[in-house]
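Data block below; observations after.
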Amino acid sequence: MIERILPEGVVSSETFGDDPRARLLPEEEPSVARAVHKRRREFTVARGCARRALAGLGYGEIAVPSGTNREPLWPEGVVGSITHCTGYCASAVAREGVVRSLGIDAETDGELPPGVLEQVTVERERELLSRLPADRSWDRLLFSAKESVYKAWFPLTGRWLGFTDAFVSFGPDGGFRAELTAPPVETAHGTLTGFTGGSVSEAGFVATAVVVRAGDPYLTTS
């Protein structure tokens, strides 16, 4: 599923359901030392996806521990992202010379619980959602898109980004544009003002992805 919205040069791996073979390496254990069984199992299966994706770049059995903000810590020269929800886990990785940053997110399909959409969006975003064809769970996709935006944003800036700090608008094909509503941020690669991404719905899940290619200009609002 996730590979459908990732470009060439990005390697991915996914698992539907559990993977009995998945296990944690010692460096990864502290991240879920106090987690409940469900959370620990999802984390474990997702790390298994990360290792398979890294194998596609030529890596052997390698740990992917978590940083102080719970972000995955990739080998030097690699960028990547991990996502997991009930029944689905995935990871995507790429060489830093090919991709500057990437973020993926997956959610179970269906409408968001009451009140959540209002917490993570502004009125204009909700208005635009209402104009889209009623052929998919656009509110759930918008939530997922904002998660993917954050995952792509953080490695570039090292800063927090709130749900309403990015204005997300979808096209009817599921592609989306995310414009930062906070002041533009200067990074080593230029001024960061936003992102573009894609989405997919399949087998009871929705997923989104944001990929910032090396050499591509950042999205601008001009």
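Counting starts with 1 at the first residue shown.
Cβ coordinates are placed from backbone N, Cα and C, and glycine is handled just like the others.
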According to TrEMBL, which candidate in Leu57, Leu161 joins Arg39, Arg47, Thr83, His84, Asp105, Glu147, Lys151 at the CoA site: Leu161
Which of Arg39, Arg47, the listed binding-site residues, has fewest other Cβ atoms within 10 Å: Arg39
Whole-number mean of pLDDT values that fall within the domain '4'-phosphopantetheinyl transferase' (101-182): 96
Entries of Arg39, Arg47, Thr83, Lys151, Leu161 which, being binding-site residues, have CA atoms within 10 angstroms of Glu107 (Mg(2+) binding site): Thr83
For Glu147 (CoA binding site), the number of other Cβ atoms found within 10 Å of its own Cβ: 21
Rounded distance in angstrom between the Cα atoms of Ala106 (Mg(2+) binding site) and Thr83 (CoA binding site): 6
